[in-house]
Amino acid sequence: MKFYKYQGTGNDFILLDNRAGNLQLTTAQIAGMCHRRFGVGADGLMLLEQVDGYDFRMVYYNSDGSESTMCGNGGRCITAFAALLGVIGDKARFLAVDGEHTATIHLDGTISLHMSDVVNIEFNEDFTVLDTGSPHYVEFVEDVVNIDVYSEGYEIRNQDEYQPAGINVNFVQIVGDTQLLVRTYERGVEDETLSCGTGVTAAAIAATGDTTGIFLTEIETPGGVLQVSFTKDTPTSAKNVVLIGPAEFVYAGEFASRDIEISLN
Ligand SMILES: N[C@@H](CCC[C@H](N)C(=O)O)C(=O)O
């Protein structure tokens, strides 16, 4: 089986062409393919599928093999993959688990991806919870470099109130009016990743607090820089949300066998 490896600001993915609809992978097979020692190694795996009325459907799995919610870095990578396959030109209109997305590939290779509208942003004293296609907990900190993202993220991700679905956890340092540093513990990877697209989107929106207006924020992650633009008509909602950043084809290969099965429990 042929696979393609992509990365967007260091969030890396295995892409499979399932337009024929004949791929049926088990959780253990996906976890095996994403395993960094027994498999190719990736934070997630995506299937590109055919669907009526759209250029393609994006089906997203975390590296533990669980089918998950929206992935922002993945959405840009699957758009680049669709272009490589000749499914689209420089524009895409595709379906993901959270609904329709449109994307544009720019001349420099960066991709703008329209994300879902955000509603019911929950501001708490020390943290903000919001869903940008995936659920996110955002905590503002003074010095993000010295945060133990694994330990603190693990503890919050496993708090009773977020079960059974769990939550992604972002630690955010404000470095300027429109500049943030973000590190994320990702549910389903169960570790810090180099970047999370829905996470930086959540961080940018959370950072605006109870203000309204049109915003453009630059976010630095350990894997690179992303931009998020959005409009807030009310303090607790955001629309016209666009995530902008790179999506790079790394290499293609052939799985020697489909029997790489890993149980992560
Ligand atoms: N890497 C992602 C988010 C992927 C989904 C996440 N792990 C979850 O289960 O919610 C991104 O770039 O948005």
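Don't overthink the numbers, they just go from 1 along the chain as shown.
Note that Cβ sites are derived from N, Cα and C of the backbone, with glycine treated the same way.
Automatic, uncurated: that is what TrEMBL annotation is.
As written in TrEMBL, here are the features:
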- CYS71: active site (ACT_SITE)
- CYS71: active site, proton donor (ACT_SITE)
- CYS196: active site, proton acceptor (ACT_SITE)
- ASN11, ASN62, GLY72, ASN73, ASN168, GLU186, ARG187, GLY197, THR198: substrate binding site (BINDING)
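Positions of TrEMBL features highlighted on the structure.
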| residue | record | Cβ within 10 Å |
| --- | --- | --- |
| ASN11 | substrate binding site | 30 |
| CYS71 | active site | 29 |
| GLY72 | substrate binding site | 29 |
| ASN168 | substrate binding site | 27 |
| ARG187 | substrate binding site | 25 |
| CYS196 | active site, proton acceptor | 34 |
| THR198 | substrate binding site | 29 |
For the substrate site built from ASN11, ASN62, GLY72, ASN73, ASN168, GLU186, ARG187, GLY197, THR198, further residues of that chain with CB within 8 A of the site's CB center: ASP43, GLY44, CYS71, GLY74, SER134, THR184, THR193, CYS196, GLY199
Mapped DSSP class for the residue listed as 'active site', helix or strand or coil: coil
Pairwise CA distance, THR198 (substrate binding site) versus the residue listed as 'active site', rounded so that it is a whole Å: 6
Listed recorded positions ASN168, ARG187, CYS196, filtered to Cα within 10 Å of CYS71 (active site): CYS196
Distance, CYS196 (active site, proton acceptor) to ASN11 (substrate binding site) (CA atoms, angstrom): 7
Annotated substrate contacts ASN11, ASN62, GLY72, ASN73, ASN168, GLU186, ARG187, GLY197, THR198, maximal Cα-Cα distance (Å, integer): 15
DSSP three-state assignment for ASN168 (substrate binding site): strand
C-alpha spacing of GLY72 (substrate binding site) relative to the residue listed as 'active site, proton acceptor', in angstrom: 7
